[in-house]
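Student: Sharing a structure with you now.
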Amino acid sequence: APADFTGTDVYQSSFDPQEYLKEFYNLSDSNNQPNTFLMHNLRSLHKMFSLDGLRGQTLIDIGCGPTIYQLLSACENFQEIFASDYTDQNRRELDKWLRKEPGAFDWSPVVQYVCELEGNREAWAEKEERLRKKVKQVLKCDVTKATPVALPPADCIVSTLCLEAACKDLATFRSAVKNIGALVKPGGHLVLLTVLQGTYYSFKNQVFSCLHLDENMVREALEAAGFDVRFHEKQPWPPGDPRADCEDVLSLVARKRAS
């Protein structure tokens, strides 16, 4: 593994959630260009959570960062949601939005976009309230631990843009997939969004490492962890976008085998 792969200590000491949100999670950028990366991801998540069987009592979000976009389609299908992230300031930032504190990030344009995908743009305020009610806790997690978060297995796990930043090499990635896979009940689902062929992402003059993955590596890790892939699609990373050097974003749903 590269010695200079960004470690947890760096995230804890210098990852700035507000700058990260500003850079990647506005629907249009400072030049009024649409954020195609975010829109693709929202459309993929909408598609994945529309698949048969992607519902149940409990959903766990692994590596939520300071974001809620990955829960907007999911929250219609599950009764309770547990969000989790390694970095303290990310969890605090998420809490700010959940508690409607001053200075919280304005997710309403993103929520409106998802409501439009669901066929009712006007329902965005109710969706925000529903999500706030359903998120029961925001917990610390560490995907390199055998039990990444202190929770019983859930019907579904969602993990977006987390593992490739948290795992310094393929062995660590494969074991992290097993670790989070153990949090899924047999017959339950794992919903994954990951970038492929990337080595870094950056914002506000800071660069964070990324594990260089291809689709086969991701599939093999899931199969080794006891999952069958049910759905996958790839979207190209916007060419020439200097904020990352990845080639594609892979969206994937896998079902845990019963035995």
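Using N, Cα and C of the backbone, Cβ positions are placed for all residues, glycine too.
Okay, these came from TrEMBL:
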BINDING   Tyr20, Tyr25, Tyr69, Asp85, Asn90, Asp142, Val143  S-adenosyl-L-methionine binding site
Student: Around the Cβ of Asn90 (S-adenosyl-L-methionine binding site), how many other Cβ atoms lie within 10 Å? Please give the count over every shown protein chain.
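Tutor: For Asn90 (S-adenosyl-L-methionine binding site), the count of other Cβ atoms within 10 Å is 25.
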Student: If you draw a 10 Å sphere on the Cβ of Tyr25 (S-adenosyl-L-methionine binding site), how many other Cβ atoms land inside?
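Tutor: A count of 20.
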Student: Check each residue in the chain of Val143 (S-adenosyl-L-methionine binding site) that is at least six apart in sequence and keep those whose C-beta is under 8 Å from its C-beta; list them in sequence order.
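Tutor: Once residues fewer than 6 apart are set aside, Val143 (S-adenosyl-L-methionine binding site) is near Ile62, Gly63, Tyr86, Cys162, Leu163, Ala166, Cys167, Ala176, Asn179, Ile180.
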Student: Counting across all protein chains shown, how many other Cβ atoms sit within 10 Å of the Cβ of Tyr69 (S-adenosyl-L-methionine binding site)?
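Tutor: Summing over all protein chains shown, Tyr69 (S-adenosyl-L-methionine binding site) has 20 other Cβ atoms within 10 Å.
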Student: Validating a neighbour-count step here. Other CB atoms within 10 A of the CB of Asp85 (S-adenosyl-L-methionine binding site): how many?
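Tutor: Result for Asp85 (S-adenosyl-L-methionine binding site): 27 other Cβ atoms within 10 Å.
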Student: Return the count of C-beta atoms lying within 10 angstroms of the C-beta of Tyr20 (S-adenosyl-L-methionine binding site), excluding that atom itself.
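Tutor: So the Cβ neighbour count for Tyr20 (S-adenosyl-L-methionine binding site) comes to 21.
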